[in-house]
Amino acid sequence: MAKVRTRYAPSPTGHLHIGGARTALFSYLWARKNGGSFVVRIEDTDVERNVADAEKKQMEALKWLGIDWDESVDVGGPHAPYRSMERLDLYQTHLDKLLEGGQAYPCYCTQEELDREREKQLAEGVAPKYSGRCRHLSEEEREAFEKEGRVPSIRFRVPEGRTITVRDEVRGEVRFDSDGVGDFIIQRPDGRPTYNFAVVVDDALMEITHVVRAEEHLSNTPRQILLYEALGFEPPVFAHASLILNPDGKKMSKRDESVIQFIDQYRELGYLPESIINFLVLLGWAPEGEKAEEEIFSKEELIDLFSLKRVSKAPAVFDTGKLKWMNNHYIKESSTERITDLAIPHLARAGRISENPTGEELEWVSRLVGLYKEQLDYVAQIVELTEMFFREEARYSGEAKEVLSGEQVPEVVEGFIKQLETFEGALTPGEVKALLKTVQKETGHKGKKLFMPIRAAVTGEVHGPDLRETICLLGKEKVLARLKGFLERRDQILA
RNA sequence: GGCCCGUUGGUGAAGCGGUUAACACACCAGCCUUUCACGCUGGCAUGCAGGGGUUCGAAUCCCCUACGGGUCACCA
């Protein structure tokens with residue numbers, strides 16, 4: 001069997017979408033698993049929709065995910081160029097062959113005429129399909145149209161009565177009747193190819209062996225197979241993965257608010273690339289055998305385990321809760337340094353730390369991150385989670401007020417203030433523990449009666465991470481200020 | 001409307017003719033902990049969209065129905 005070559009061929013019309021990322025991932029894994037090549041090709045023939053930065057952005061997003069390629073616009077390769085609009089002469093050459101063989105013909109219909117035809121068919125409940133009115137134009141008729149100034153598009157002449165079999169790795173053999181497909185346009189009047197033509201020429205010339213893409217392309221595949229045949233190329237093996245649905249079970253639309261849709265956004269929020277990869281691969285794919293009981297996989301494991309045969313035919317629902325869990329899992333596995341580095345820009349942007357933090361600040365942030373790492377679903381969450389640290393005064397929750405209304409509270413708080421004030425030197429969790437122990441001895445209050453009032457008075461909350469470390473990070477001055485502030489304004493706070 | 005594809009718990013899913021229908025997320029209960037989170041333990045589909053077959057035996061094979069989806073563009 002020939003060397004495996006797969007490709008991801010996005011159009012540069014927007015950001016990398018989760019669906020696209022999953023398609024790219026499947027293609028990538030398959031190539032890597034087989035020691036083959038992975039190509040990223042840009043299908044930019046729809047020039048009106050092209051967005052300036054999109055190509056660059058999408059490739060950056062892929063790279064960030066850890067999906068690297070062997071051939072593309074940036075690194076070149078044996079089949080360059082890798083942008084459709086730079087391959088126009090190639091399409092023309094192949095188109096000419098079709099024209100010469102009579103397998104394609106010029107169509108002079110205007111958009112308006114076609115629209116009208118289509119609407120009429122729809123209204124009659126007939127399958128909308130090109131009527132073929134330009135199929136058998138005589139030389140004279142053509143000339144007449146040309147004289148009118150009409151510039152033709154080129155249509156492919158779909159053979160009649162053919163059964164077209166799509167060989168699909170995930171769905172088996174899918175058969176289509178050629179009579180169901182009308183002659184379709186392969187070249188626009190201005191010479192640009194349409195998608196169905198460009199992909200075929202590109203995939204064939206680039207010797208792509210496996211075309212992995214989403215289900216929405218399945219119905220297009222018979223057209224492409226016909227083109228492969230007409231051009232004398234061997235069709236590749238196809239693999240159509242099912243669609244990804246939003247949590248409501250609906251097809252994900254770009255404007256869907258229930259799910260964050262673009263890889264860039266996940267990156268900005270502080271999702272880790274390995275968790276995105278891990279999550280995405282499980283949308284419509286599952287490992288075989290014993291491995292099916294596991295769900296955490298590194299990219300290397302996936303390369304080893306991946307198989308197109310195991311790609312699911314049924315649509316997958318994008319479960320945001322699972323993604324959070326998975327990201328949290330990877331964050332917990334990551335070093336505090338790594339998460340700290342990711343957290344710094346968020347904290348800086350929120351004005352919590354300076355733009356160019358000093359070594360001291362960095363050390364502090366690192367401890368802060370260490371304290372909250374376990375509960376981060378995504379790194380940007382650090383900002384809201386640690387808000388309490390950056391406020392001048394504590395803001396008391398209802399539960400906190402309840403705790404603080406206990407009769408032993410003033411005594412405990414005063415006792416702790418006394419201990420803190422007399423304490424000299426650097427505050428460490430161990431020291432705080434010792435101070436609290438002393439308060440316990442002096443007041444006779446222990447356990448929740450001791451710890452909760454202090455937590456509540458200092459943080460304004462009854463929940464939170466380790467109290468001792470929290471106190472250390474807040475610093476002696478701030479803690480004292482809050483404790484005293486509470487005592488001074490106790491009546492109004494509890495009111 | 002034609003043609004195609006799909007349907008196992010709230011979710012991702014394993015299952016490939018004989019299983020107590022894995023595993024994970026979520027959820028519930030308990031344990032741990034000064035609290036939360038983490039972690040740990042346990043619970044959670046009497047049924048595999050519905051109905052017919054085939055078979056000693058079906059989530060697994062066949063047919064029909066229902067529902068969901070894709071496509072029928074000078075968009076990819």
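Cβ coordinates are placed from backbone N, Cα and C, and glycine is handled just like the others.
These come from TrEMBL:
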BINDING   A:CYS107, A:CYS109, A:CYS134, A:HIS136  Zn(2+) binding site
BINDING   A:LYS254  ATP binding site
DOMAIN    A:339-485  domain 'Aminoacyl-tRNA synthetase class I anticodon-binding'
MOTIF     A:10-20  motif ''HIGH' region'
MOTIF     A:251-255  motif ''KMSKS' region'
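Compute the center of the Cβ atoms of A:CYS107, A:CYS109, A:CYS134, A:HIS136, which mark the site for Zn(2+); besides them, the chain residues with Cβ within 8 Å of that center are A:TYR105, A:PRO106, A:TYR108, A:GLY132, A:ARG133, A:ARG135, A:LEU137, A:ARG155, A:ASP183. Taking the Cα atom of each, A:CYS134 (Zn(2+) binding site) and A:LYS254 (ATP binding site) are about 37 angstrom apart. A:CYS107 (Zn(2+) binding site) falls within a strand when secondary structure is assigned with DSSP.
In three-state terms derived from DSSP, A:CYS134 (Zn(2+) binding site) belongs to neither a helical nor a strand segment and is classed as coil.
Note: the motif ''HIGH' region' (A:10-20) comprises 3 helix, 1 strand, 7 coil (DSSP; helix = H, G, I, strand = E, B). A:CYS107 (Zn(2+) binding site) is 34 Å away from A:LYS254 (ATP binding site) when you measure Cα to Cα. Just so you know, of the binding-site residues A:CYS107, A:CYS134, the Cβ with the fewest other Cβ atoms around it within 10 Å is the one at A:CYS134. In terms of DSSP secondary structure, the motif ''KMSKS' region' (A:251-255) contains 0 helix, 1 strand, 4 coil.
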